[in-house]
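Take a look at the structure set out below.
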Amino acid sequence: MDFFEFMDEYAPELTTASSTISFVLFAGPWLLPRGLAFYRSIRSAGQGPNSNVRPPPPRVQRCLSLLFGFALVCLVLTLPYFSTPNIFKATGSRLGLPTKLLTSRLHALREGKLAPSEQLFLEKLEQEPQKWEAPKDHALLYAAYGPDVVLQCPFCSIEQPKSYLYYALPAILGWHILHIFLLGAITSTFISGKEGARWRTHATIAGVALAVIEFYKTYTYSWEANALRRQLEDVDWFYWNMRMYRQLAFAAIDGVLGWFMWLTSTNRWLVEPASITEQLNEATQTLADSFAQINIVSSLRNAIVRDNELRAKQDEYWLANAQETRNIESEREVIDARNIAISRMDINRLKTTYDNILEHWFASL
């Protein structure tokens, strides 16, 4: 293999590797410090007074389960088993293969049992004039927009190829509208509470941006891009590639949203202090619980005092407790430990500290 043959064969791979290295060298110094700062902020999130790490609330747990399920479904849909069949790849045929030869290969592969959609597509190819060493327009549209668009469009014609694009766009946007609706539902206050609602705008922007990107890529894609590609491995299967990228992007957005919701709901990142209303409600609830406990203790105390037998048992218990405490304090080990602790105390420092506290308390009097 000479130099020119080597470059012809490996030029695309070398170009991709060179682009990747250039991107890493350009963006690495900018991304690395921010990634480390983000990691440190998560690690130190539990050190603030209002940022105690906690388990995610039940609402957020349900939303995380839903997001995980959606992401898993999207990843499963990228598998070839769930993809739309591609008769050219299934038969190993190039786009410019004569229709009769493609038909014979497909019959051999399916053992003569063709699906109605495959039979209809072969009929469309048969009706179109054969081009010299070039793919037919239906084959090019098949690679660009998929078999469903080519076979089911009621108003499309080969004389107006843009009509296939107009028929394909609503179906593409339908997936994105469904995804945006799911993101909006999961980040609503009714379903996920305030922990999910804080990400509602970001999730909506991400979903809309993804829809705009695919709309732009599809609208600007040239359906004749494969006209000069003779080999099967050189064909750009735009419909199948975009379908895979769409599902991967859905899974990535759902995964990142779930991760962010988990970080913020557990007070590991972007901790927000409680509002005045929440603090007042929490203090009121604490006082109400304390008041209820005091009432219970008071009722129990009154019942004990009014009953002679219970009052006698109470007095007996406290006398025994006082005697046990005196016995413990009179042990030699306890006395020695207490003396050692007192000898290690800085009396002057304690006196200064308590004086400062008293001065602060009585400064306003």
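Any Cβ shown, glycine's included, is placed from N, Cα and C.
Looking at 20-42, 204-226, the range annotated in TrEMBL as transmembrane segment turns out to be 20-42.
Proximity of distant same-chain residues to the transmembrane segment (164-187), defined by a Cβ-Cβ separation under 8 Å and at least 6 residues beyond the stretch ends, is recorded for 63, 66-67, 70, 141, 144-146, 148-150, 153, 155-156, 196-197, 199-200, 203-204, 206-208, 210-211, 214-215, 218-219, 223, 242, 246, 250, 253-254, 257.
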